[in-house]
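Asks: The annotation transmembrane segment is assigned in TrEMBL to B:21-39, B:51-74, B:81-99, B:105-127, B:134-153, B:173-198, B:228-246, B:258-275, B:282-302, B:308-324.
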Amino acid sequence: MKTTLLKIAVAAGLMTGVATGAMAQQKNVTIAVSIPAATHGWTGGVVYHAQETAKQLEKGYPGLKVIVKTSPDGAAQANALDDLMAQKVDALVVLPFNSDELTNPVREVKKRGTLVTVVDRGLKDASIQDIYVAGNNPEFGRVAGKYFVDNLKQGNVVVFRGIPTVIDEERVSNFEKALEGSGVKVIDKQYANWNRDDAFKVMQDFLSKHPKIDAVWASDDDMALGVMEAIRQAKREDIKFVLGGAGMKDMIKKVMDGDKMIPADVSYPPSMISTAMGVTAAHFYTNAPMRGTYVLNAQLITKDNAKEHYFPDSPF
Amino acid sequence: MTETVLRTGAEKRRLKIDMRALSPFIALVVLAIAGALINPDFLTASNILNVVTRSAFIAIIAVGATFVIAAGGLDLSVGSMAALTAGVMILTLNSLGGADVGTLAIGMLAAIGLSAACGLANGLIVTFGRIEPFIVTLGTMGIFRSLVVWLAAGGTITMRNFELRELYRPVYFGSIFGIPVPIIAFLVVAAIGALILYRTSFGRHVVALGSNEDVARYSGVPIWRVRTLAYIIQGICVGIAVLVYVPRLGSATPTTGLLWELQAITAVVIGGTALKGGVGRVWGTVVGAVILELVANIMVLSNFVSEFLVGAVQGAIIIIAMLVQRSVHRGR
């Protein structure tokens, strides 16, 4: 329900934005975008999509200026916010490094009357944000669990966890909830830190320990790649498929090409920054109401819709 | 420990050193027995070979760390250095574009060259800058890590040429006479390391420098050369580890080699090298690296440790293993 609403809102926003773009020519608006620097694959994707979207929006809405600023850590991001505010901006789109450190700096920005859009990681005080765009971690686990129930129906599954965080806990607990009452059984779980090398090692050990594994929930594309290499080395034929997550281009490519071991993926798109920027821009150039919370679907990516999720130029 | 060893008679000292050198092996055997009791699958040939093969990177890097630590230094940058070297090696291979042995050889040379240069940089800054190695290598750790993040634009550096990947793959996954190539690689590196440390004047200079810098200087040990060379050896070892690492997953990411420096240092210390310098045990170091990997393996194979507590149990096992070692040579 929420997601349908979101799609309509974004679609309406973008369309009216383009339509009224010509009329609103004289309107000058500056949007600042503050995001973490590319320190791992996913944030690398965020930076890429932010820069691409900035170009597109500036083209679509004459008079719009988008400033994208990346920061290597929370303290640096707080400083960057100060610098951005000195340039007099109308709106701030921020993907905070962490909730604790950035709640107050963002509140200061808000006090100046700036429109605030928060992305992915929420602030301590939800009243600061005008617009909130986030991925859906519980659903990420649910969609993956449902895929196993629908496609495996019966069998033994091993689960790879990420780094012990709220995100990881939400994903895994909802995955297990989705399996309840089905014939799919989790026979082992282990942390592999969203890391390819660690996943390779853990999978080698799982293969030694369990004589029959029917499928693997790697829960992340980096980990899935490590898992695949370990399976290949062991020459085991019992594993029917590996399900990753996030939407790394190498994995989407495999889904697109019909790789039998990688039949699907679950999205947690770094391009959610683009959604946030689009909605924020639409706020200024359309009459449609934009304030609110947008929770993005964790979508199941299969051969049919993989094309929509494939960005060959993105580093992620 | 070293002081007491120095004060005892020559006969007795040799016996003590032998026990100290032997204790990591005893800890290894005890752990292997524990592993077999926890899960019978532990003793399958494929599991043992997997574990020892996996320990190759840390073992090779730790052989270099043995030199640096024995000389009274420390290198925190090895993990980042490995990531940077792997990244540059893959980018070199991609830009050359070929799928033949010649291409691979150039990529390998680039890797060894770069890691040796990184080691040289560490060594020169420590020697001529007269800055604590902890600070210098903490700095270069950040520099090397950011450089690889920058090269990858935050994403992944992957070997593009599929044929070249297949050609290179046996360097990790292949075996000679049933022994995986990485195991052979780390045995050769350790043998050469032991030869240099125990049988050359440079090796004796390293230990002399680590036990007392002033005495070493007055005895005519070329301090700056020995110290810089130790860091270069460390760099070359990182390069060799990368040569074995790259064919495994064919990619480098900003998280490649994260915390390898701590694992290498732990392996060195478990192996019986004193963290304050003056003693170096190459074979102990290699065993230390295998022990670390073994503990992680036993954790996954065991059915009774919750995944939330793996870190705690792992830490406890390492401490207990060290206590067992200590009691073994104290008992003598």
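Cβ coordinates are placed from backbone N, Cα and C, and glycine is handled just like the others.
Note: TrEMBL annotation is automatic and uncurated.
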Asks: For the transmembrane segment (B:308-324), could you work out the same-chain residues 6 or more beyond its ends whose Cβ comes under 8 Å from its Cβ atoms?
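Replies: Answer is 23, 26-27, 30-31, 266, 270, 291-292, 295-296, 298-300.
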Asks: Residue list, the transmembrane segment (B:228-246) vs rest of chain: Cβ under 8 Å, 6 or more residues beyond ends.
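Replies: 56-58, 60-61, 63-65, 67-68, 70-71, 73, 75, 78, 81-82, 85-86, 89-90, 108, 111-120, 122-124, 126-127, 159, 168, 171-172, 181-182, 185, 189, 193, 196, 202, 206, 252, 256.
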Asks: When you look at the transmembrane segment (B:282-302) alongside the transmembrane segment (B:173-198), do they share 3+ Cβ pairs under 8 Å, ignoring any pair fewer than 6 residues apart in sequence?
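Replies: Counting Cβ pairs under 8 Å, at least 3, so yes.
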Asks: List, by number or range, the same-chain residues at least 6 past the transmembrane segment (B:51-74) whose CB is under 8 A from its CB atoms?
Replies: 82, 119, 126, 133-134, 137, 172, 180, 182-183, 185-186, 189-190, 193, 196-197, 206-207, 209-211, 213, 226-227, 230-231, 233-238, 240-241, 244-245, 260, 263-265, 267-268, 271, 273-282, 285-286, 288-290, 292-294, 297
Asks: So which residues does the transmembrane segment (B:105-127) touch in its own chain, when a touch means Cβ under 8 Å and the partner is 6 or more beyond its ends?
Replies: 64, 73, 75, 77, 81-82, 84-86, 88-90, 92-93, 96, 133, 136-137, 140, 144, 223-224, 227-236, 238-240, 242-243, 246
